[in-house]
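Below you'll find the structure, written out as structure tokens, and then a few comments.
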Amino acid sequence: MSATSVHTLWTSLAAAPPPGTPGATFDAPTIEYAQLAPILIVVGAAVLGVLAEAFVPRKGRYYVQLFIAVVAIAAAFAAIIGLATSGFATTKAQIVAEGAIAVDGPALFLQGTILLASLVAVFTFAERRLDPVSHGNRVDSFAADAAAVPGSAAEKAAVKAGFATTEVFPLAMFAVAGLLAFPAANDLLTLFIALEVFSLPLYLLCAVARRKRLMSQEAAVKYFLLGAFSSAFLLFGIALLYGYAGSVSYAKIADVVDGTVQQIDPALAGTMGNDALLLIGMAMILMGLLFKVGAVPFHMWTPDVYQGAPTPVTGFMAAATKVAAFGALLRLLYVVLPGLTWDWRPVLWGVAIVTMLGGAIVAITQTDIKRLLAYSSIAHGGFILAGVIAATPDGISSVLFYLLAYSFVTIGAFAVVTLVRDAGGEATHLSKWAGLGRRSPLVAAVFAVFLLAFAGIPLTSGFSGKFAVFKAAAEGGAGVLVVVGVLSSAIAAFFYIRVIVLMFFSEPKADGPTVAVPSVLTMAAIGVGVAVTLVLGVAPQYFLDLAGQAGTFVR
Amino acid sequence: MSFPLLTATAVLPAAGAILTAAVPAARRTVAKWLALLFSLGTLALAAIVLVRFEPGGDRYQLTESHSWIKDFGVRYELGVDGIGVALIALTALLIPFVIMAGWNDADPLETQSKRWRPTQGFFALILMVEAMVILSFEATDVFLFYIFFEAMLIPMYFLIGGFGDRAHAGTDEAAATQRSYAAVKFLLYNLVGGLIMLAAVIGLYVVAGTFSLSEIAEMRAAGTLEMSTNVERLLFLGFFFAFAVKAPLWPLHTWLPNAMGEATTPVAVLITAVVDKVGTFAMLRFCLQLFPEASKWATPVVLVLALVSIVYGALLAVGQRDIKRLIAYASISHFGFIILGIFAMTSQGQSGATLYMVNHGLSTAALMLVAGFLISRRGSRLIADYGGVQKVAPLLAGTFLIGGLATLSLPGLAPFVSEFLVLVGVFAAYPVVGIVATTGIVLAALYVLVLYQRTMTGPVKAEVSGMPDLKARELAVAVPLIVLLIGLGVYPKPLTDIVNPAITHTMQDVNKQDPKPEVEAAK
């Protein structure tokens, strides 16, 4: 079976481009605004948010920003639904914006997931009931004045004046825009730009926690430095691949990989088709993406950043970034590099195995709930990789489904973390969670549902997702991965269960934390999380169908 | 469409669980009665199942079939054979007794928060376990079975870890630590077993393309099932491992003494009399039916492990100082008999094993629940803390004795019939194994009678002297169980009539025929 016939299993050819000889005349680029609407709406909202920051009086900014963000996300989601129902996910899948962006099933499915996750995350961003009222002002999780040095007079003045970092909303919207473009990027440059567009706001968002500000800033610096490092790898890889293929477009690189390209660019005759460039370039790009995914051994930033960042941001990051990054990884492996399946599969096998086992084993020793969830997210990254490795159409749809299931559990779990507080803010040390089930049975029960979903207990979304990816992996001939996955699930179950033990079977401590009563915003976030977790656990068929239909990339 | 009787039998306790959990904190008596009512309702439905079931009819009856998760090839398929009916009846029968026996076991302590509702939680969890156990006896889709097989761990885990013996009140730090250790051990053992089974379930799907037992049977009959010997063996091992943990079979048994020792007595009964039966039941239904050749391949090893369970469990029971752990080890010994009967691959052995599951449920429930009444009076699980109880509490001692005699399979009591059948069945196929297994009976006499002698006879200990006899509620638990034990001991035919046709099918699955008696062969 030739390489070309393999990847037509999960890709379909785009309609032929309009005739015209590039280079001879300059054609005005055609931009398909309707198909780009989701991204454009979110970028527009972000710009609008920046303007609002400049012109709206301080008192009203919070409401205006929240309104812009929610409306924009809802509108973008509506646009996604519109595109999907008019067939862009299946028959009319196409490449738009001069080859920069793909509009196809996986892109729309993942963009929809990212938008829903972002909507829920924005709710947790806007929560102002949890922190105690400070100088007569309700405050959210973000620093009064992010620029003021922690502990300085300027900070105190800002707190007293009731300032709030409402910039988080436009920042989040920029990040969402980048995240939307990331899994849809159809050439390497767009991929890189999308990566930077979502990464830079996230670095900033990590730094603006209201409590434990030094830790938050430290996390942001670590994230930024390591992130910049990985971006450099990615960029270097792009350069090498360009040298190999003479193009940054996915389709053209794939053609060169397949050996079906006829014309060789005279300027690149010396390097084109050089396998060393291809392999090294591919490895570097994979490194950049695996860093964002948080796969071992590129995971070092995850625990520190997850712990230090403001918890709503952590939830957003853990869910949406993972979705987008896996989307980009899928597209790269399935559209650009299917001809190299035999080369990347063994590498990813190794990465998946160490990611599953490493994440699960290290998580056992954690004593901070946010770090624990960080390692658990690493382990889950490994499970998703098992689905990616399947290299079958089922692999794509199982990964899509897993990402949908996982993102809501994650945001819900982090939202619960924001509720458990003591005098120092969120009480994230595990010892403080002892006996929570006796103090606040409902909150503890909800968190237990999320933990059971993480552990993959049947009748939760975690089980459906895990079953889908493992099934795909087994059918794709990766039975060993399934066994490793099952074993690391067992290890992972141990620490999820440990938290449940702590919450329900330990006596509450006298100085234990209290559970803050949140506003309707966080309640909605948690409620949506629980609902999705149970629905995807008990009746996943509709969403599996959706993911199945969305499982074809455009090329 | 006919009334979905099997679904209703499981939905009723589940609904009861939700209602019970919703009862306000101050109304815990309401919760108790509600739970009892729903468990009795379930018993009534189970009785209808029993009546509607025709022993000579189709293999699976009262079937229901709906599409569920198409992408995974999972269907919501229920159906019962004689084995399933017998075990559903056992489950539905025991739960009301468990609830009555645990009537006051989960009342909140004075010191605890007013919002903490342990009583409601306790009874809701018991009903939840009942619903899931019943569904796993009914499921004829491998995946559906797996889901309930796994999911029942969660309520079970909370029951073990969340509710201690009144003997060691909940505030006692050390007891709480031990209890949560036992709960975690229970969960991890079973979860690991379950996850390994998950890998095998996925493997089965890759091989067969379906989870439906009936479809797989058809494929096997038509010869279209392509399963290489090695694959079949690996898949068998994956399934068997999970069931052997659940059952529990030596050397995977170590969670049981911890769990049964630390849990409240009703929960201990729930574990050993009801939940563990899913493991042995699943060996009969899934291991033998899905992987007949591999089952025969594994028989020698399984028989040896079962023998070790029988002898080792009994020996350790003899050495126990803790009443509940003694009964736990006795159960391990008995589960050895059940597994022995199943893998003897003779119809007597297998029908004996099925009967054994039912009878062991009844006898353990009787012994353990009465032991629980005893322990709650004295506040200690140690055998050495008792003596001469029969002089102060003759009813308690008497019911305890009958429970004990049933456990050692005294002729005239139900377990005798099943143990005899198992031994006959095993002896016909593997005489040496049968002879070794008999030692289990001898040792059973030892641990039961020594237990009775040390706790009930002899001079009355000072701490025991004021011990009240069984109350009406406790008698209502003990007497019906004893009546059943005697009734099924004298006249087991109703049970064997239901079970035997199902065993015929199981024997056909593994393509085995009973060995001809030697005498006949000699002619």
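Including glycine, each Cβ sits where the backbone N, Cα and C put it.
A TrEMBL annotation is a machine prediction, not a hand-curated record.
Per TrEMBL, these features apply:
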TRANSMEM  B:6-26  transmembrane segment
TRANSMEM  B:33-53  transmembrane segment
TRANSMEM  B:82-101  transmembrane segment
TRANSMEM  B:121-137  transmembrane segment
DOMAIN    B:139-443  domain 'NADH:quinone oxidoreductase/Mrp antiporter transmembrane'
TRANSMEM  B:143-165  transmembrane segment
TRANSMEM  B:186-214  transmembrane segment
TRANSMEM  B:234-255  transmembrane segment
TRANSMEM  B:297-319  transmembrane segment
TRANSMEM  B:326-345  transmembrane segment
TRANSMEM  B:357-375  transmembrane segment
TRANSMEM  B:395-414  transmembrane segment
TRANSMEM  B:472-491  transmembrane segment
Okay, the transmembrane segment (B:357-375) and the transmembrane segment (B:472-491): do they have at least three CB pairs under 8 Å, pairs separated by 6 or more?
-> yes
Under an 8 Å Cβ to Cβ limit, what residues of the same chain, 6 or more beyond the ends of the transmembrane segment (B:234-255), are close to it?
-> 149, 182, 185-186, 189-190, 192-194, 196-197, 199-201, 203-204, 207, 227, 275-276, 278-280, 282-283, 286-287, 290-291, 294-295, 297-298, 302, 305-306, 308-309, 312-313, 332, 335-336, 338-339
Long-range environment of the transmembrane segment (B:6-26) - Cβ separation under 8 angstroms, sequence gap at least 6 | 34-35, 37-39, 41-42, 45-46, 49, 62, 64, 78-80, 88, 92, 95, 114-117, 120-121, 123-125, 127-128, 130-132, 134-135, 138
Output the single range from B:143-165, B:186-214, B:357-375, B:395-414 maximising the number of Cβ pairs under 8 Å to the transmembrane segment (B:82-101).
-> B:357-375
Go through the chain and flag residues at least 6 beyond the ends of the transmembrane segment (B:297-319) whose CB is under 8 A from any CB in it; none is fine as an answer.
-> 233, 236-237, 240, 244, 249-251, 253, 326-327, 329-337, 339-340, 343-345, 430, 433, 436-437, 439-440, 443-444, 446-447, 450
Beyond a gap of at least 6 residues from its ends, the CB atoms lying under 8 Å from the transmembrane segment (B:143-165) belong to 68, 72-78, 105-106, 118, 121-122, 125-126, 128-129, 132-133, 135-136, 172, 175-176, 179-180, 182-184, 186-187, 190-191, 194, 197-198, 201, 205, 211, 242, 246, 259, 262-265, 267, 270-271, 275, 278, 282, 286, 375-376, 381
